[in-house]
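This report refers to the structure that appears directly beneath it.
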Amino acid sequence: MRLFLALLALGFAAVAAVPAYPQRIVGGSTTTIQQYPTIVALLFSRNGNTFFQACGGIILNNRNVLTAAHCPHGDAVNRWRVRSGSTYANSGGAVHNLNRVRIHPNFNRRTLDNDIAIMRTTSNIAFNNAAQPARIAGANYNLGDNQVVWAAGWGAIRSGGPSSEQLRHVQVWTVNQATCRSRYASIGRSVTDNMLCSGWLDVGGRDQCQGDSGGPLYHNGVVVGVCSWGEECALARFPGVNARVSRFANWIRNNS
């Protein structure tokens, strides 16, 4: 899920991945996995038996999935599974167990800097029209301000509201880094160069939300962000914050 700042302030960054408050798409509409075959649902179990969708992920290749570090951080690898190839959060497609989770070595559980991880599945993800490897932004990917980007996920449809069983998507825009940094500094939060802000600035109503954490932010079909955190969801003053994929291009390549 995308983490609420209230949880961070209480020091719960590590446990939120399951979350008490997972994130979902706000202000968007339903879509299908055929439109976003690079996204997967990450399933979590508290007891090792019953699994439910708690985060999103992005297919890198037939054995590796990119996600937010705060989702699996601190959990045993067998508490997470990957559902690929399904429009629905908790049914359909193929479910894969994991044999490894690699958290970025500089991940900061308090600030959520370097909020990125790679999960390795025990079985191959079969590619078809509902499951495909993503195009990932390279180190020199040029992404300007006010660019149209799209987010997708199964998260909440409003802050604190119910999650969506069907995949949803929403159009938002990239937000100037200095503006985003200033907005969050006013409430004591740090936006680093490893982060990418998006939303509908000064309007609100569109965003990623609880349960969308780890899911993709696309620019012209290229994954440029991984859903990370924000002040509630879809507020006019505070954009959503993603891990900026271009900053991690080499690490992703070397670990997948």
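Glycine too: its Cβ is placed from the backbone N, Cα and C atoms.
Just so it is clear, the model here is predicted, and its values are computed rather than measured.
Annotation source Swiss-Prot lists signal peptide at 1-17. Annotation comment: Swiss-Prot describes 25-256 as domain 'Peptidase S1', evidence class sequence analysis. Taken from Swiss-Prot, the feature disulfide bond covers CYS55-CYS71, CYS180-CYS197, CYS209-CYS233. According to Swiss-Prot, the feature active site, charge relay system maps to HIS70, ASP115, SER213. The site 'Required for specificity' annotation in Swiss-Prot covers ASP207.
In the three-state DSSP reading, CYS180 (disulfide bond) counts as helix. Model confidence over the domain 'Peptidase S1' (25-256) is summarised by a mean pLDDT of 97. If you check the recorded positions CYS180, ASP207, CYS209, CYS233 against CYS71 (disulfide bond), none has a Cα inside 10 Å of its Cα. Comparing CYS209 (disulfide bond) with CYS55 (disulfide bond), their Cα atoms are 10 Å apart once rounded.
When the recorded positions CYS55, HIS70, CYS197, CYS233 are compared by Cα distance to SER213 (active site, charge relay system), the shortest distance belongs to CYS55. ASP207 (site 'Required for specificity') sits 18 Å from ASP115 (active site, charge relay system), taking the Cα positions as reference. Cα of CYS197 (disulfide bond) to Cα of CYS55 (disulfide bond): a span of 19 Å. Secondary structure at CYS197 (disulfide bond), taken from DSSP and collapsed to helix, strand or coil, is strand.
Nearest neighbour of HIS70 (active site, charge relay system) by Cα distance, taken over the recorded positions CYS55, ASP115, CYS180, CYS233: ASP115.
Taking a C-beta cut-off of under 8 Å and a sequence gap of six or more, CYS180 (disulfide bond) has these contacts in its own chain: VAL191, MET195, CYS197, PRO239, VAL241. Sequence-distant contacts of ASP115 (active site, charge relay system), defined by Cβ-Cβ distance under 8 angstroms and a gap of at least six in the same chain, are ALA68, ALA69, HIS70, HIS104, PHE107, VAL226, SER228, TRP229, ALA243. Separating the Cα atoms of CYS233 (disulfide bond) and CYS55 (disulfide bond) is a whole-number distance of 16 Å. In three-state terms derived from DSSP, CYS55 (disulfide bond) belongs to an extended strand segment.
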